[in-house]
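The structure under discussion appears below in the form of structure tokens.
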């Protein structure tokens, strides 16, 4: 794939590629220090500090209203931070308008120009840069190929394209601007599952091939897991945790992240005289406390359903619960069981290939080992 | 009428079923549209045909569809007849009104959509309110404002300044027309501008487009349906305007509607009035068709 674009040199250096600038890959391309955004009396983004690394695929996830769109709009230059600093390779860009930033936002609505053909849509950023018509056309055809659309789509009415095709047009248009950083505001949220999966993979490929920095926001952690190098989890305007997908999944910083990652068993524990007990019931429980929480007296224990096991005998696991199977769900390749014990409901998941101990609807023993549980701040 | 027949057909049993079947042969759309079609035929098409009939009747007669002559048109196109000047004044002033209104209304419409925020509705009401008062009364109000020893002249005299002599001129006629038809341009234009999605403008800005490029390539084309409707509406209304020329303009120019009125009243020459009306309809109708052909009503109504 030919990603070079010679006309670039004629225009002011709004978007010089990372390689041209000789940027240190260790240096963040975008850096946020204590960035907040307040709208009369409401804090949408609350004191966020974050380094966005050169060439990474960073996904910000969070429930709706967590401030992730506002954060992205500040990065793109469509909003100004109320306080804090945003720097681009060391230059303060707080008040630099969107048009002067080497970044480009793919809107949730895609914001395709409905009165223009596919070709004219893709050429728009080039026209804004003053590229000649013939060169614009040549580049647009190249980009159509890149996003796997046939060349004869050039003259097609963009409103006559299907949802997936529109995604590709929006992507080609963003690439026409040749930004260093691409922002995505949940562009796949309106698509059906299969198409979404396909486009997620294509986007990931495109990220690898182009070497550009991608910052993606979504409320779907599943989407984030598939595509990202790093994931940032937002809640109520704050960045709760940033890390690799493995770190987010395997070592959630707190109960919110743990629960956001998927269905989990969570319960509060506290340190009693004779060791740890489950908060409400006082049943003893074995807890492997991480070092940084050595002195804690309260914590939350998170046990993923796949670490819960059906037991043959009470001695087979550190912690054992007696209960009855009261629901079972097929999750495709896996089965999920809801086990009702005296005080709460536990989720147990296992592969279909496995057979569980204690068949039937009667009383079962389930349990988990202390080291398989994640202990987070309560 | 056919509605009643339809209702009957729906509830009939046995013997009258064949009649119901016959009605069912007509597509539902045609059946349901028939009451409106009938109303339009009686209330709109019939008077129109009568006027057209009169246009081809013998001059100074009162019988329609009796005779056929082109004499009325020959009279109008006779160079000795000065009625063409009324046509010229009406169309020229209407065109000028539209052009001036485009410039006057665009900033207001832009403000209503993008700038005024929660004050928008208040500003809109301020523009609608004068419509509750008769046009003639409002125009007489302006006469009092501009007349010698009136509001403006009196105020300037207090300051020792000479009062302007603006009343009873073609210019003040134009002013009156711009004033009268402003809401009819403003609101379609506001609708047009509000149809430009904000994220499209933001996206264009993000791609490095300049203000002029955004205006030329995004805002204007997307707002164009509303702007064209406003222009068409004001042009049609202004081409038929008469009160402004009479009251503010003091007959310094004669509008075509005035000539038509005279033909039907003082000179009692209905066929001439009808012929003038037909010509005016042809001119305005032709222009409207040309504009409508460029409009995409589906998009205006948000179906796309």
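Placement of Cβ uses the backbone N, Cα and C atoms for every residue, glycine included.
TrEMBL lists B:1-14 with the feature compositional bias 'Low complexity'.
The feature region 'Disordered' is assigned by TrEMBL to B:1-20.
The transmembrane segment feature in TrEMBL is assigned to B:36-57 (among others).
Per TrEMBL, the feature domain 'ABC transmembrane type-1' maps to B:87-291.
Taken from TrEMBL, the feature transmembrane segment covers B:87-113 (among others). Residues 120, 123-124, 127, 170, 173-174, 177-178, 181-182, 185-186, 189-190, 192-194, 196, 227, 230-231, 234-235, 238-241, 245, 253-257, 279-280, 283 of the same chain, all 6+ positions outside the transmembrane segment (B:87-113), place their C-beta atoms under 8 angstroms from a C-beta of that stretch.
Under 8 Å from some Cβ of the transmembrane segment (B:125-147) lie the Cβ atoms of residues 108, 153, 164, 166-167, 172, 175-176, 179-180, 182-183, 186-187, 243-244, 247-248, all in the same chain and six or more residues away from its ends. Under the heading transmembrane segment, TrEMBL lists B:125-147 (among others).
TrEMBL lists B:167-187 (among others) with the feature transmembrane segment.
Residues or ranges marked as transmembrane segment by TrEMBL: B:220-243 (among others).
The transmembrane segment annotation in TrEMBL covers B:274-295 (among others).
Panel annotation: around the transmembrane segment (B:274-295), residues 51-57, 72-73, 75-76, 83, 87, 90-91, 225, 228-229, 231-232, 235-236, 239-240, 256-257, 259-260, 263 of the same chain, lying at least six beyond its termini, place a Cβ under 8 Å from a Cβ of the stretch.
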